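Below: the structure, in structure tokens.
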Amino acid sequence: MAPSISQDLLDVSRQAVPRYTSYPTAPHFSADITAADYGTWLRQTGKAGKPVSLYLHIPFCRTICTYCGCTTKAALRDDPVRAYAAVVHDEIALLHQHLGPVEVSHVHWGGGTPNILPPEVFADLVEDLKTRFRFRPGMEHAIELDPRHVTHEGARHLASLGITRASLGVQTLDAAVQKAIARIQPLERIEASFDALRSAGINRINADLMYGLPLQDLGSIRETVGHVARLRPGRLAVFGYAHVPWMKSHQKLIKDEDLPDAKARYAQARLARDLLVEAGYAEVGIDHFAEPEDDLSLASKAGTLRRNFQGYTTDEAEALIGIGASSISRTPFGYAQNAPDNHGWRRRIEAGELPIVRGRRLEPDDIRRGQVIEDLLCRFETGETAATPEIQDRLAPLARKGWVELTGNRVVIREHHHEIARVVASAFDAYLGAGGRHSAAV
Ligand SMILES: C[S@@+](CC[C@H](N)C(=O)[O-])C[C@H]1O[C@@H](n2cnc3c(N)ncnc32)[C@H](O)[C@@H]1O
Ligand code: SF4
């Protein structure tokens, strides 16, 4: 049974640390990395002949949910979305010039809300990608969907274009919480989305849930998890609400007094986990769950789970190429980020340039620390030689509490304390404290 939540554990869980979907993390990217550097990395990646993954960012939604931490903006009409898609075609052509006709092993459409793309616009983009690159037969082709806009016709269209996996933003089914986050989607809407996807043959479904939202309590977590577990998505993510109003000004609409405190957040995260495990899901990493026979659970068990900008994945490609404003690419040589604003991104592409504004060349020390951090977040343990005496000193208070085990230079996060993996990982972060404000660890 999970131990009770002590004040010490709460103090640790309140620490502001990065989410570690990359290392070094994005606040430590710099303008030293230019389009020329990225162009060289892409050409080397293309020449290596290994398959790559693609991430396409569609930064538009019909309305903005007050809690949203994603890079997106409201588009009530289709015109800006169509104009954006036209520039994505140009970016695909530019990338193709550098990469050549590489094999693609994984495609992910994220946002924002990719199902805002008009059907023929989406079809043209998929066709363009297929023409320029070689889609590996049977590859995963995933999309994030806002359930408020999922229809039977839309789902059939996605299936006809080869979409194999859909991720639905459920967040919460509590009507009062939905009102507080400006996102009304009753259970019937969620059920209809599952039904539309499954009828169209898209059976690999993820559901995103959240805790720590305004007005959320244990009762509402129990209700939401109960309903969603009955709908039986193959995978679930349970994200703690990241309240960063200094970065996302619309979050100022959320009243501080409505937010659960650290203790309530921790209890909500634990309850969601316990209920999902009771419902037969396996825990994957710090915040994902999957059916025991799902590839993600199998990778977690086999120790081959990976973590990238989209969270936990089975994707083994060394290069993840980001397309669209603000997207980040990872190559074996370093990270490169596209201009975050749609105008800046568009101007650069129209001038025939890769739209890179910053990045980070990977030094051997970054690669080593990044691997240890990925090990901690995916496997809750490091290799034999990870922790230097200085890092052991940093982790000693957590070891004294019995939350982590230090055996020689190896670190293991004890069972029932996996939630603090981001805090343990931060002990290995050479850049921590040198800029960037983060959200609470739990
Ligand atoms: C791009 S959105 C999902 C697709 C679609 N736009 C939707 O909302 O249904 C990705 C996920 O990020 C999570 N998310 C958004 N804002 C967040 C925040 N401030 N803190 C934690 N998770 C957040 C939500 O669970 C959301 O489903
Ligand atoms: S949560 Fe999804 S639908 Fe809501 S604003 Fe963010 S990206 Fe858009």
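Cβ from N, Cα, C; glycine included.
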Legend entry - Site co-member for S-adenosyl-L-methionine 2 according to TrEMBL, given TYR67, CYS68, GLY69, GLY112, THR113, ARG183, ASP208, ALA242, out of GLN171, GLN216: GLN171
Legend entry - Residue among GLU140, GLU144, GLU353 sharing the S-adenosyl-L-methionine 1 site, where TrEMBL lists TYR55, GLY111, ILE328 as binders: GLU144
Inset, instruction - Check the binding-site residues CYS61, CYS65, CYS68, THR113, GLU144, ALA242 for any whose Cβ is under 6 angstroms from an atom of ligand 2, and report them in sequence order. - result: CYS61, CYS65, CYS68, THR113
Inset, instruction - Output the one of GLY69, GLY111 that, of all these binding-site residues, has the highest number of other Cβ atoms within 10 Å of its Cβ. - result: GLY111
Inset, instruction - With GLU144 (S-adenosyl-L-methionine 1 binding site) as the reference Cα, tell me which of the binding-site residues TYR67, GLY69, THR113, ALA242 is the closest one. - result: THR113
Legend entry - Whole-number Å value for how far TYR67 (S-adenosyl-L-methionine 2 binding site) lies from CYS61 ([4Fe-4S] cluster binding site) (Cα to Cα): 14
Inset, instruction - For ligand 1, pick out the binding-site residues TYR55, GLY69, ARG183, ILE328 that have a CB under 6 angstroms away from one of its atoms. - result: GLY69
Legend entry - Cα proximity to GLY111 (S-adenosyl-L-methionine 1 binding site), best match among binding-site residues CYS65, TYR67, GLY69, ARG183, ALA242: GLY69
